[in-house]
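Taken from TrEMBL, the feature transmembrane segment covers A:12-40, A:85-104, A:116-137, A:158-179, A:185-206, A:213-235, A:241-263, A:270-287.
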Amino acid sequence: MQIYLPIAEVAVNAFLLIGVGGVVGLMSGLFGVGGGFLITPLLFFIGIPPPIAVATGANQVVASSVSGVFAHLKRRTVDFRMGGVLLVGGIAGSAIGVWFFTLLQRLGQVDLVVQLFYVVFLGLIGLMMLQESLRALTAHRRPAVRKRLHQHMWVHRLPWKIKFRTSGLYISVIPPLLVGLAVGVLAAIMGVGGGFIMVPAMIYLLGMPTKVVVGTSLFQITFVTAFTTLMHAVSYNTVDLMLAVLLIVGGVIGAQIGTGLGARLRAEQLRILLALLVLGVCFKLALDLFLRPDDLYSIAAGSV
Amino acid sequence: MRLAGPLCAGVLLWFAAVAIAQEPVADPPAAARQRDQTEAPPAARSDIYPTYPDPGRPRVIVPENADAPPERVVAGLSSDAVSITASFDGSNILIYGAVAREAPVPDGPPLEVIVTIEGPSQALTVRRKTRQVGIWINTESLEVGAAPSFYVVSTSGPLDQILQPDWDTRYRISVPLAMRSFAGELTVEDTVPFTEALVRLREGNGLYRTDEAGVNVVDQTLFNADIRLPANLIEGDYKTRIFLLREGRIIDVFRAPIEVRKVGIERWLYRLAFDRPLLYGLMSLAVAIAAGWGASSAFRLLRRR
């Protein structure tokens, strides 16, 4: 069934859009990532103009993460205090990122920088997670000596310590603020919620328990993407509500299934799956950079 | 906590409802745009070649035939307006007409007919990638000042046989000539590969088309053409031109406008997005939050059973 999108001004198959939303929603519920890094390239592929894909993708991420957050609230796996601190950093970082993005646009190399960012970050994180979770899996098999609850690193010697009860942490606010800031910057430049960077940062940098990480990151993503959607709608008129509704229908269902599935899988398995997914997307983007494109020419609306 | 979702969505929706109730969505910008377009070519330009179609003047006298065109085209369109609804899946326009003449059919090669439909023009940039340090990067670009968003040429025979090149240039009939000007400074040495790429890419997604033998001429007097408008049309004033040709020369031109407009929910959303962007953004968020919360509670209910 073809449907005409009023803002994007193209006609696309409605079921295809619901399917795309569903896949991304599933990722969202399963891993606690917003799915922005998947939905935006998928929408490009369908033929939605890039600015509309980015803005509407953000709106869809709001829906799927809200859905995920409510599921996690039920299971009391959201650390509000940590989420709040991350959010403060995130909004500040997002503002810096938007400024940097405008600068890049003036230089005319946004596409390239965004793609390079994706390849580098996805590659690093994917490899790190894969290595870590493989080690955890093998350690699980042979009963090793039980480690301490978490290691004490330089992170734990900084001032302004706060108790994060839900996460069982007593650490300085500086690291989570910085994590939020960094994620905000990257999110604005890469046009995503930033969950795929925040989740590993929370696990490996802050030492948060995996159980709380997903809900807390979804909580932060909800607010950051809501902010982004509003910015896009007001300054560029690029949010397509018709497209968003179709993606959301698929997305919320996918997110619920994903959350249910995530509760049944073991944390290490979950991490390996996410690592493989991240590496897959990274590999695809790297290929696009290095292989000769099908058509060397491209058309963009407007003049530079 | 359980009430947070519906509360957020409810408050946003309430804001939206109040704002809509207070100020009806007006569309002065659209009206202004239309006026600009129709007023663009002034009537006193008969000395210049009429390169830009003008819906206000259906007939253009070809200068060479000014005193008494031996043959004149009379034509009609199956519809002069296309409505884009949510389920819009393209549209067919049937163009039919007849040749009016006072003398018998002249000898020589038969009469030929060319029909073009052109969408509103847009400025755009064509970019080319080159390989730099192993990576493909956009390095060169060409700005095209005005290229039609849609252009189809339908003819009664092979274009290069029925139309002489100088007449083609004069009326900008064939697809490569439909693009008008380069904007800004030229930064590339050769613009041809860029314009060729533009035509190739647009032909690929069905926006530009040359349909030789798409016009059916009966007894050198009646003709008809069935032209398909694709689903990825944009809103605006489209222009139809019908050319009558003999021996590669144009002897008469007929013009007619086609109005392509979004209707119903498409129009409402479009106007809201551009006239009340903040409201539209809040509405998008309300929909997202309501949907997220709704799905979450629905699944909870399902699981409880």
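Backbone N, Cα and C define each Cβ position, glycine as well.
What TrEMBL says about a protein is an automatic prediction, not a curated fact.
Sequence-distant contacts of the transmembrane segment (A:85-104) (same chain, at least 6 residues past either end, Cβ-Cβ under 8 Å): 110, 113, 162, 173, 176-189, 194, 198, 216-217, 219-220, 223-224, 227-228, 231. Recorded stretches compared: A:116-137, A:213-235, A:241-263, A:270-287; the one with the most Cβ pairs under 8 Å to the transmembrane segment (A:12-40) is A:241-263.
If one looks beyond the transmembrane segment (A:158-179) by at least 6 residues along the same chain, the residues whose Cβ comes under 8 Å of a Cβ in the stretch are 76-82, 85-86, 88-89, 149, 198, 201-202, 205-209, 212, 216.
Between the transmembrane segment (A:116-137) and the stretches A:213-235, A:241-263, A:270-287, Cβ pairs under 8 Å are most numerous for A:270-287. Listed as Cβ neighbours of the transmembrane segment (A:241-263) (distance under 8 Å, sequence separation of 6 or more from its ends, same chain) are residues 3, 5-8, 14, 17-31, 35, 39, 48, 52, 56-57, 59-60, 63-65, 67-68, 71-72, 75, 214, 270.
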